[in-house]
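Below is one structure, written out as structure tokens; comments come after it.
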Amino acid sequence: MTSTEFSRDSEAEEVIEATVSPVVSREEQLVRKKILDSQYKCFEKINRDPPYNKSGPYCSRNWDGWLCWDDTPAGTSASQNCPNYFDDFDPTEKATKFCGEDGQWFRHPETNRTWSNYTPCNAHTKEKLASAYILFYMAIVGHALSIVSLLISLAIFFYFSGDVLQLRSLSCQRITLHKNLFCSYVLNSALTIIYLVAVVDNPELVDRNPVGCKVLHFFHMYMLGCNYFWMLCEGIYLHTLIVVAVFAEEQHLHWYYLLGWGFPLVPVSIHAVARKKYFDDNCWMSVETHLLYAVHGPIVAALLVNLLFLLNIIRVLVTKLRDTHRAESNMYMKAVRATLILVPLLGIQFVIIPWRPENRLAGEVYEYIMHILMHHQGLLVATIFCFFNGEVQAALKRQWMQYKTQWGQRRKDHCSMRSTSYTATSITEVPAFMYHHDCNNEHLNGRHAEDSELVALKSGDTYA
């Protein structure tokens with residue numbers, strides 16, 4: 001469908017005419033099925049909804065062949081999202097239908113038939129499709145980079161976890177929390193890549209709506225929740241360590257495991273049950289439902305609680321520990337600062353999503369910024385908690401210097417052993433008179449080995 005104008009009110013006739021075609025492709029069959037399903041739901045809605053009870057003329061509800069239109073007051077335009085029947089239709093755009101002052105739907109002057117305006121549905125489809133592919137691959141690359149950086153960070157933490165002296169300013173328990181946080185982000189990024197490739201990029205699968213894609217969506221949402229609740233665990237740990245227990249190192253970590261890995265199952269399970277009962281379509285990809293608040297609500301609450309904890313920690317460190325525990329307060333301030341930077345960055349997507357700009361260019365800029373923030377979070381977490389961590393950098397530098405020293409010593413010892421071995425071998429082949437030969441090559445080190453061998457060959461009397 002690429003014409004510049006789209007009108008659907010006598011479309012039922014066209015659909016009927018099309019059915020006489022002896023050969024129908026699978027794609028056409030799917031389109032027809034979608035239209036017939038929508039038509040059936042529309043007629044059910046028309047019969048189910050109560051009569052129009054407002055005063056004044058109005059245009060009556062009807063099915064125009066593609067969409068279902070409600071009763072509309074005279075002199076106003078009704079609008080709704082474009083249908084997803086065709087590849088070049090953008091469901092985020094709006095189709096409109098105008099109700100005249102006389103209470104009659106607008107009729108096109110050329111055909112004198114009631115007319116719905118579907119022109120915006122494919123006006124910018126090519127540009128949006130190109131942008132969508134760019135955003136899709138940005139998400140894939142972002143999560144791939146996150147996985148690589150997080151695995152490197154985990155390797156660093158596991159390597160140094162056995163040596164407390166290497167990372168003595170970060171307690172072993174805090175490193176344990178970091179490991180769990182990083183593992184949750186690795187799993188989330190891996191599931192996101194699988195979900196994007198297997199589900200989002202497969203419209204036919206989304207239309208079939210199998211159980212497998214819903215299970216994948218469940219675990220994807222679960223790992224998303226784990227990310228933010230492990231961030232909350234980081235904040236609670238620091239708050240307990242600095243404010244409640246005043247630098248007491250040991251805490252019971254089983255409560256943190258329960259909060260980080262266990263609690264996210266509750267809202268995600270509630271969301272899954274509600275989706276199955278009330279909004280069980282499109283592999284649960286549709287975001288036009290309030291059921292998502294079952295998952296996003298606890299995440300936003302965790303972010304706000306974490307932010308309050310961190311602000312209170314900073315207050316304590318600044319006011320109460322200025323003169324005492326100066327070294328420790330400075331050390332913990334660095335840890336708090338890293339967490340305080342991450343919390344707003346990780347939560348910004350839940351704050352500014354409702355305020356997407358209406359302008360097309362501003363909307364595209366918004367989409368790119370949001371994709372960078374949403375799909376590079378693992379890379380951001382690894383960078384701030386590991387790569388920019390002063391103690392980690394110091395430990396790596398010490399390890400590198402130790403490696404260079406050991407490598408240099410091994411090379412020196414190896415060269416020394418080679419020199420000693422060669423000298424011993426050469427001496428066993430030297431003629432007797434050479435021990436009394438007046439020359440500067442008394443100590444053979446290989447530099448004049450060829451001359452020595454020639455002298456030895458000329459002599460018939462050698463020492464075995």
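Note: Cβ is positioned from N, Cα and C throughout, glycine not excepted.
Going by TrEMBL, these are the annotated features:
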- 41-125: domain 'G-protein coupled receptors family 2 profile 1' (DOMAIN)
- 134-160: transmembrane segment (TRANSMEM)
- 135-389: domain 'G-protein coupled receptors family 2 profile 2' (DOMAIN)
- 181-200: transmembrane segment (TRANSMEM)
- 228-248: transmembrane segment (TRANSMEM)
- 255-274: transmembrane segment (TRANSMEM)
- 294-314: transmembrane segment (TRANSMEM)
- 335-356: transmembrane segment (TRANSMEM)
- 368-388: transmembrane segment (TRANSMEM)
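Look at the domain 'G-protein coupled receptors family 2 profile 1' (41-125): DSSP puts its residues at 13 helix, 23 strand, 49 coil.
Remote same-chain partners of the transmembrane segment (228-248), defined as residues 6 or more beyond its termini with a Cβ less than 8 Å from a stretch Cβ, comprise 173-174, 177-178, 180-181, 184, 256, 259-260, 263-264, 299, 302-303, 305-306, 309-310, 312-313, 316-317, 325, 328, 332, 335-336, 339, 342-343, 346-347. Here the domain 'G-protein coupled receptors family 2 profile 2' (135-389) has a mean pLDDT of 84 out of 100.
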